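A short write-up of the structure that comes next.
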Amino acid sequence: MTAGAPTAGLAIETRGLTKRFGRQTAVDGISLAVPRGSVFGFLGPNGSGKTTTIRMLLGLARATGGRIRVLGQDMPHSWQDVLPRVGALVEGPAFYPFLSGTANLQRLDAADGRAPSSTRSARAGEALERVGLTHAAGKKVRAYSLGMKQRLGIAGALMLPRELLVLDEPTNGLDPQGTREVRSLVRSLAAGGTTVFVSSHLLAEVEQICTHAAVMSAGRLVAQGSLDELRAAGRRQVRIQTPDGDAARRVLLDLGLAPEPGPGNGAPVTAPLDYHLAPERIVAALVAADVRVRGFSVEATSLEERFVALTGEGFDVAH
Amino acid sequence: MLRIDPDTTGRGPRTTAVRRGTAGWALLGSELKVLFRRSRTWAMLLALAAIPVLIAVVVKIASSGPDPGEGPPFLDRVSQNGLFAAVTGLVVSIPLFLPLTVGVVAGDTIAGEAGLGTLRYLLAAPAGRLRLLAVKYAGAAVFCLAATVSVVAAGIGIGAALFPVGPVTLLSGDTITPGESLLRLLLVAGYVSVSLLGLSAVGLFISTLTVVPVGAMAATVVLSIVAQVLDSLPQLEWLHPWLFSHYWLGFADLLRQPVEWGSFVDNALLQAGYLAVFGALAYARFARKDILT
Ligand SMILES: Nc1ncnc2c1ncn2[C@@H]1O[C@H](COP(=O)(O)OP(=O)(O)OP(=O)(O)O)[C@@H](O)[C@H]1O
Ligand SMILES: [Mg+2]
């Protein structure tokens, strides 16, 4: 795999993937398309079905309906070929509290029948170093803090080189420094050609590291695409209250904006706003053209607002 | 600090070459390590070892020995020959203490991993569901042997320390040397370990049904007691040969000259039957189970 260049094809592809728990539909006919080489953000509020989807991708839970292909092969049918190439963190880390960090990593690695025993302890040491846990390698996991366990979980996913990493809320419980470290880790893994599928309910996090995203809401996939595509679907707009409507529209045209043709003077003037044009420049231009500005606002249908709109109330947006 | 090593970020050719057919036994080794690094395992083995010690010490400090036929079988022989502390210890442990510890280990096999959440990581590794079940059962079987051996070894040790050790008179009246009797003790330990394999298979199956390990442990132990109760009801005689506990105390034939293998074979066949049936049930259940913990 060449560094940085996405390989043709999809790392994850689902068709109509559905999971029902009794009468509740946790995942409702979702069709994911995760391009190889992408960093794919899987967004959604609590209980929207992210973890359930990930469990099905990894063959932990059986789908009620639909098809799954991971790294070009059917899951769960081809788990023996697929899973050794996938590193995973599912719904938080889980370890044997009475074993040390190193022993826990070695235990997980031994579970993969194809992982070479001869390099096991060396690889555990490397993985611990990459997540900054070398100093706690020999400590019992019982004595780890939440963030240390989370780091150890990430180390477990990195014990072997992977083609696909599935990380379910990897920054959960991490301090700001740890969050930054995970971000830079994800970036460099992606630069090395690994596809990273990362679930989160933090939009800010997804915006910073992802090339693509999908949004879940109550078990349904409500949006999917590259980050640019998602942004384009919801632009900001300016809204100007002025008695001089026609003059205002001329100013906006001069600035390269495309104001909506209004009914003339009196009604508010609106125009979609490009990201590179600072709103204060518009105000300055309007004033310079003697437009009487009585109100000026930027209505930000940012990615954030769009996700709030998509997923309804209660969406956890962190800044 | 998160350090990025470009050699290990992509799928390197080095590892693809090595990752084939190695480490088939690594999971079993790892399973045994996890089992024997737990303090709980050692606490149970120590408790089992304490049983013959307790018996020997009580016999030693009691002024008069018990009359023949009083107390557990072989108790009256302990003061004459220390090796009988091991046999008496086994006879006392078989109805409750051994099934209790085996029930804890066998009931914990899958449910314990599910409860910890490590089951999802083992299966995503991927361990493979059949392979994981087999390794878990093998771990429980090793524990059966360790449990029996710890009773026997502690019995030999304390018996030799407190009482004379001499030639042993067998149930058939023949006398064998102490060296030979050690071999017989090993044989008995093997018999008792094999006796517990059926219960382990039942525990493995129960363990696939729940994510609460304590529940699986308790259910397994309760079943072992129910089986012994049923085995004691004469009205159910037709059922007795099918109960996994039926041959538990039947190792007397190994203390005759020559050794009578009949009950050893019957016991082994019965336990193998339980393993086949409950192993299959466990796989049928586990293979299609949703791992949601
Ligand atoms: N074992 C289960 N039995 C019944 N319902 C379940 C089970 N696991 C999950 N659910 C339901 O499925 C839905 C999706 O849960 P899931 O864990 O996938 O959400 P999530 O998007 O990962 O949420 P979070 O952000 O909180 O991790 C929820 O409504 C939940 O109640
Ligand atoms: Mg979740």
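Cβ coordinates come from backbone N, Cα and C, glycine included.
Just so you know, TrEMBL annotations never went through curation; they're auto-generated.
The shown structure was predicted, so the numbers you read here are calculated from the model rather than taken from an experiment.
Taken from TrEMBL, the feature transmembrane segment applies to B:42-63 (among others). Away from its own ends, the transmembrane segment (B:42-63) comes close to residues 36, 72, 75, 78-79, 82, 85-86, 88-89, 92-93, 97-98, 101, 104-105, 146-147, 150-151, 153-155, 158-159, 162-163 of its chain (Cβ-Cβ under 8 Å, at least six residues beyond either end).
Positions annotated as transmembrane segment by TrEMBL: B:83-106 (among others). Outside the transmembrane segment (B:83-106) by six or more residues, the chain places 35, 40-41, 44-45, 47-48, 51-52, 55-56, 59, 72-75, 77, 139-140, 143-144, 147-148, 151-156, 158-160, 162-163, 165, 168, 178, 181-182, 185, 188-189, 192, 195-196, 199-204, 207, 217-218, 220-221, 224-225, 228, 245, 248-249, 251, 255 with a CB less than 8 A from a CB of the stretch.
Taken from TrEMBL, the feature transmembrane segment applies to B:137-163 (among others).
The transmembrane segment annotation in TrEMBL covers B:183-206 (among others). Counting only same-chain residues 6+ beyond the ends of the transmembrane segment (B:183-206), those with a CB under 8 A from a CB of the stretch are 83, 86-87, 90, 94, 98-99, 102-103, 105-107, 109-111, 133, 136-137, 140-141, 144-145, 147-149, 151-152, 156, 168, 176, 216-217, 219-220, 223-224, 244-245, 247-248, 251, 254-255, 259, 264, 267-268, 270-275, 277-279, 281-282, 285.
Positions annotated as transmembrane segment by TrEMBL: B:211-230 (among others).
Summarising the annotation, TrEMBL assigns transmembrane segment to B:268-286 (among others).
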**Prompt:** When you scan the chain for residues with a C-beta under 8 Å from the transmembrane segment (B:137-163), skipping those not six or more beyond its ends, what do you find?
**Reply:** 28, 31-32, 35, 41, 44-46, 48-53, 56-57, 60, 78-90, 93, 98, 101-102, 105-106, 109, 182, 185-186, 188-190, 192-193, 196-197, 200-201, 203-204, 275, 279
**Prompt:** Mind checking which residues reach the transmembrane segment (B:268-286)? Cβ under 8 Å, same chain, six or more beyond either end.
**Reply:** 110, 129-130, 133, 137, 194-195, 197-199, 201-202, 204-205, 207-209, 241-242, 244, 246-247
